[in-house]
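Features of the protein shown, as given by Swiss-Prot:
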BINDING   THR50, ASN115, THR192  substrate binding site
SITE      TYR108  site 'Important for catalytic activity'
Amino acid sequence: MATAPTITDVQVEFLHFPAVVTSPATAKTYFLGGAGERGLTIEGKFIKFTAIGVYLEDKAVASLATKWKGKPSEELINTLDFYRDIISGPFEKLIRGSKILQLSGTEYSRKVMENCVAHLKSVGTYGDAEAKGIEEFAEAFKKVNFPPGASVFYRQSPDGILGLSFSEDATIPGEEAVVIENKAVSAAVLETMIGEHAVSPDLKRSLASRLPAVLNGGIIV
């Protein structure tokens, strides 16, 4: 796979996203596809709340290159299928959501769940199993508090496992706090971040600008 010297880190505000990370929970190594801020415009001012980094298993390179190698960033950023292939691709994703401003777990998860449920209903995949998965998601965040710099990690496996872990900083925990077994719910989390109604256009731009070099030659410039 591409290694640390050939992939650049990303800095979002005071939050550092390393080029390559290894999860002690899975013993797998992931490279940084992209990272960006998420915020809201409140009374005419854009307030940054979180920074999101999407890490990909090395299998992602061959999987995505089949269709997207040679495509320029300008084309990818406007192509929903590119992001959908990241979301649904047969490789693991590790998503880090770190807080710029303090949020309670309930405050943070409420909006994530609203967006996920809206997406699942819009595509007709919200049933009893998904409702149960969303309930498990809500429960996982109830006792969590996120001071600035604290993180949630989402591990998404190709077979539909969504593993959640929480950290006071950017350190990946050795064990996952919760495992949710629902493929639709797992995919919806990343869909809301980089899909059709993405909460982080900045993250989409980062993925589109960085991944072409990886797909073309294994190097991010």
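Cβ atoms are placed via backbone N, Cα and C, with glycine included.
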Those binding-site residues listed as THR50, ASN115, and which of them has the most Cβ atoms within 10 Å of its own Cβ:
THR50
Given the recorded positions TYR108, THR192, and counting only Cβ atoms in the protein chains shown, which has the most within 10 Å of its Cβ?
THR192
Rounded Cα distance, in Å, between THR50 (substrate binding site) and TYR108 (site 'Important for catalytic activity') is 9
Integer Cα-Cα distance in angstrom, TYR108 (site 'Important for catalytic activity') to THR192 (substrate binding site):
14
Substrate site, defined by THR50, ASN115, THR192: further same-chain residues with Cβ within 8 Å of the Cβ centre
ARG38, LYS111, VAL112, VAL189, MET193, VAL199, SER200
According to DSSP, folded down to helix, strand and coil, what is THR50 (substrate binding site)?
strand
According to DSSP, collapsed to three classes, what secondary structure does TYR108 (site 'Important for catalytic activity') have?
helix
